[in-house]
Amino acid sequence: MKLYVDAGNTRTKWRLADGREGVVASDDISGMERSFALLAGVVTGVFVCSVLGEAFNRRLEALCGQLFGVPPHFARVKQGVLDIVPAYERLDTLGVDRWLGLVFARSHAKSQCSVVVGAGSALTVDLLDAQACHLGGWIAPGCASVEAALGGKVQFARSEAYLKALQSDGALTPPQTSAFGSSTVACVQAGVDAMIRGFLQQVIACAGTEFGGREAVYFLAGGDSPRVEAMLRELDPNLELVLSPAIVLDALVLWSEWCA
């Protein structure tokens, strides 16, 4: 049975072909070993998207050999998959997770223009036109990254009230009804929301220009998807939005079929 692994900056998610799945912190190697040990004797192929570098990849390779007796297949950015033409001159510098997002978008949107938005530790945007040409993208700090940066620089971040406001995924509690905060925590939340909303507004405007006014399908993935989804729907209620929380794992399924 095939095992799909999405090793991201913060979390490593996995899914078996039968639908079983799990998640561990990417720096929790022992947790990953415990999870994968339960799959010994079941896995016959491993397909991986990793942005964690060679040291992690080698450890994963050794673990798969030890537990499953097979080497993992690491996804690599390639020209021509579903006719996609990456914008980068050096393919090895395009994040493989972003490339797989484009693969997933092309497989679903077909000949429609696509915008892939990743709302994780970084906020990423990639555009794909109707001819499958990657028009490039944007990378900015994600919601939690901006909030963490503020928390590390100002004294109030160590206050009990601020720490209680932090949720387990790193995001702050929802803002109050006013657009402006009346406490430090609410001010940080409202300010970050305003920054992200402005970013997304520019995405919609610039994508419209790049696509010559043609409508596009927006694919949204990442841990902050609910927060970003609300902003996108507020900015353009008519936006065609596809929620793809496991876009990398879904794309790995497609990629594994081409590897067979």
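The backbone N, Cα and C atoms fix where each Cβ goes, and this holds for glycine too.
Taken from Swiss-Prot as is:
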type     : residues                                                   : note
ACT_SITE : Asp97                                                      : active site, proton acceptor
BINDING  : Asp6, Ala7, Gly8, Asn9, Thr10, Arg11, Thr12, Lys13, Ser121 : ATP binding site
BINDING  : Tyr88, Gly95, Val96, Asp97, Arg98, Thr184                  : substrate binding site
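A Cα-Cα distance of 25 Å separates Tyr88 (substrate binding site) from Thr10 (ATP binding site). Under the three-state DSSP scheme, Thr12 (ATP binding site) falls in the strand class. Within 10 Å of the C-beta of Thr184 (substrate binding site) we count 17 further C-beta atoms, all protein chains included. Candidate binding-site residues: Thr12, Gly95, Arg98. Fewest other C-beta atoms within 10 angstroms, Gly95. All chains included, 20 other C-beta atoms sit within 10 angstroms of the C-beta of Gly8 (ATP binding site). When the recorded positions Asp6, Asp97 are scored by other C-beta atoms within 10 Å, Asp6 scores highest. Residues Tyr88, Gly95, Val96, Asp97, Arg98, Thr184 are recorded as binding substrate; their most distant pair of Cα atoms lies 41 Å apart.
The secondary structure of Asp97 (active site, proton acceptor), as reduced to three states from DSSP, is helical.
Those same-chain residues not listed among Asp6, Ala7, Gly8, Asn9, Thr10, Arg11, Thr12, Lys13, Ser121 yet with C-beta within 8 angstroms of the centroid of the ATP site C-beta atoms are Ser26, Val51, Gly120. Neighbour count (other Cβ atoms within 10 Å of the Cβ, all protein chains): 15 for Tyr88 (substrate binding site).
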